[in-house]
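Chemist: Structure below; questions to follow.
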C-alpha cells in the first residue's frame, strides 16, 4: 500500500507484466480473494510477497488501531460502527521479515492457492535510497 514501494521497479518487470495487489502491511490473508481470481481467471502462476522496512504496520497493535479508528470516527460504544471496528483484525506485526516469511508459508498451504504455484517473499529496504530488495523466503 505504501506509495514509496514500486514493485515493478524493485523486481525489474515492465508495467502491465504483473498483477499488483496492495494492502496495508502486505498481508496475504487480505489478498486471498484477489489472488484466487488472478490465478483462476487470469492464469497467474507466480506469487511474490513484498514487504518493506519502515512499515507503519509495525508501529501499533490491533487494540491501538481500533481506538484510533473509533476516536477518528467519533463512534458511540454501542453503535454498529463500533461493533465492526471491534471485529477488525489489523494484522499488525513486529518485524517485516518474519511477516513476509509467515505469509509465504500461509500461501503455500492455502487450499485455494494452486499447489504448484511459485511463491517467494521479498523485503524492500526503505533505509537505502536505491530501494534495494532482498529475498527472505
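Note that Cβ sites are derived from N, Cα and C of the backbone, with glycine treated the same way.
Pasting the relevant annotations from TrEMBL:
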type: BINDING; residues: 2, 52, 55; note: Zn(2+) binding site
Chemist: Please state whether DSSP places residue 52 (Zn(2+) binding site) in a helix, a strand or coil.
Modeler: strand
Chemist: Counting every protein chain present, what is the number of Cβ atoms, excluding its own, within 10 Å of the Cβ of residue 55 (Zn(2+) binding site)?
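Modeler: Taking all protein chains shown, residue 55 (Zn(2+) binding site) has 22 Cβ neighbours within 10 Å.
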Chemist: With every protein chain in view, how many other Cβ atoms are within 10 Å of the Cβ of residue 2 (Zn(2+) binding site)?
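Modeler: Around the Cβ of residue 2 (Zn(2+) binding site), 17 other Cβ atoms lie within 10 Å.
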Chemist: Give the three-state DSSP assignment (helix, strand or coil) for residue 2 (Zn(2+) binding site).
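Modeler: For residue 2 (Zn(2+) binding site) - judged by DSSP and reduced to three states - the answer is coil.
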Chemist: For the recorded Zn(2+) site formed by 2, 52, 55, which further same-chain residues have Cβ atoms within 8 Å of the site's Cβ center?
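Modeler: What remains near the Cβ centre is 1, 4, 5, 25, 26, 51, 53, 54, 56, 57, 96, 124, 126.
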